[in-house]
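Report on the structure given below.
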Amino acid sequence: MEFTKGQGTGNDFVIIPDPEGALILTPELVTGLCDRRFGIGADGVLRVVRTAADPELAADPQRYGGAEWFMDYRNADGSIAEMCGNGVRVFARYLVARELVATSEFLVGTRSGQVAVVVSEEAVSATMGHPRLLGETTARLGGQVFTGTAVDCGNPHLVCPLPRSVRLTELELTAAPVVDPGLFPDGVNVEFTEPVTGEPAGPDHVRMRVYERGVGETLSCGSGACAAAAVTLHRSGQAAGLATVDVPGGRLTVAITAEECALTGAAVLVAQGTVFRDALAAPTV
Ligand SMILES: N[C@@H](CCC[C@H](N)C(=O)O)C(=O)O
C-alpha cells in the first residue's frame with residue numbers, strides 16, 4: 001500500500017491515496033499505521049478519495065458536490081472525526097504536489113462540509129465555518145480545575161485560558177483532561193492557552209497546548225487553534241479579527257470574519273513509500 005507522510009506545524013499524518021474508494025480503512029489499519037514503533041507513526045490518517053467514487057458522498061451533492069476530493073480523516077486510535085484543520089491543509093498540499101488538482105485554490109470535502117484551500121510554497125490556508133462559542137464549562141487536570149469555553153468548529157473543543165498563576169509549560173498532559181460527559185458525549189479536544197506578551201506579540205497572540213480526542217497531546221491542532229482564536233478574540237470584545245496561535249510545532253494564524261475562519265500555516269510532505277500492511281499489527285503477548 002502506497003503512502004505519503006506529511007505534517008502541519010508538527011501535527012502529522014499518514015496519507016493514503018484511494019481515489020476510487022476501494023480501500024476498507026478499518027480502525028485496526030489506522031492504529032497500525034499510526035503506531036510510532038510498530039507502524040509509520042502519526043496523529044492521524046488522511047484517506048484521499050474522489051467524492052464521486054464514494055456512494056455515500058455522491059448521494060449528498062449539496063454537502064460535497066463542489067469538491068472533487070474528500071478528506072476521510074481518522075484519529076490515531078481509529079476513531080472518526082468531523083474536521084481536522086491541519087489535516088485539510090496537509091491534504092491540500094498533497095493534492096497539489098501529486099497534480100491531482102489543476103489550480104492552487106480549490107475546495108476539499110470533509111465530514112463538516114466543504115473547506116476552501118489556498119496553497120502556496122510557504123503555507124496552506126484553509127477557510128472553514130465560523131467557530132460557534134457554546135458557553136462555559138470546566139476541565140479537570142491533575143488536581144486543578146480550569147474554566148473554559150466550549151467551541152464547535154465542526155468538531156468539539158473546550159478552550160481553557162489559564163489563570164496567571166499557572167504556566168502552560170507546567171501542565172501535565174499525559175492523560176485526558178476530565179470534562180462533563182453530558183456536554184461532550186462524543187469526547188472533546190481540550191486546548192489550554194496563555195497570552196504571549198512583549199514585542200513582537202500583538203494583543204491577540206496566544207500560546208496553546210492541546211490534548212486531542214482520539215490521539216493525546218499533539219504538537220498542534222488546527223481546528224483547536226481556530227477555537228482558541230475565537231475565544232481569545234471574544235475575551236477582548238471582538239467577534240472577528242486576526243489572532244496568532246503559537247503551538248509546540250510552530251505558528252498558526254487565524255482570521256475570523258462574521259461568516260468564516262481562515263487558518264494559515266506551514267504544511268509539508270516529508271516522505272513517501274510503501275507500507276507492508278500485513279506487518280503492521282503489534283504483538284499481543
Ligand atoms: N488535529 C486536528 C484535529 C483532529 C481531530 C480531533 N482529534 C477530533 O477528534 O476532533 C486539527 O488540526 O484540527
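Placed from the backbone N, Cα and C atoms, the Cβ positions cover glycine too.
According to TrEMBL, the protein has these features:
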type	residues	note
BINDING	Asn11, Asn75, Gly85, Asn86, Asn155, Asn189, Glu212, Arg213, Gly222, Ser223	substrate binding site
ACT_SITE	Cys84	active site, proton donor
ACT_SITE	Cys84	active site
ACT_SITE	Cys221	active site, proton acceptor
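Structural mapping of features recorded in TrEMBL.
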residue	record	Cβ neighbours (10 Å)
Asn11	substrate binding site	32
Cys84	active site, proton donor	31
Gly85	substrate binding site	29
Asn155	substrate binding site	26
Glu212	substrate binding site	28
Cys221	active site, proton acceptor	36
Gly222	substrate binding site	30
Ask   = If you measure from the C-alpha of Cys221 (active site, proton acceptor), which of the binding-site residues Asn11, Asn155, Glu212 fall inside 10 Å?
value = Asn11, Glu212
Near-site residues: substrate, ref Asn11, Asn75, Gly85, Asn86, Asn155, Asn189, Glu212, Arg213, Gly222, Ser223, CB cutoff 8 A to centroid = Gly44, Ala81, Met83, Cys84, Gly87, Val210, Val215, Thr218, Cys221, Gly224
Query = What's the longest C-alpha separation between any two of Asn11, Asn75, Gly85, Asn86, Asn155, Asn189, Glu212, Arg213, Gly222, Ser223, the listed substrate-binding residues, in angstrom?
reply = 16
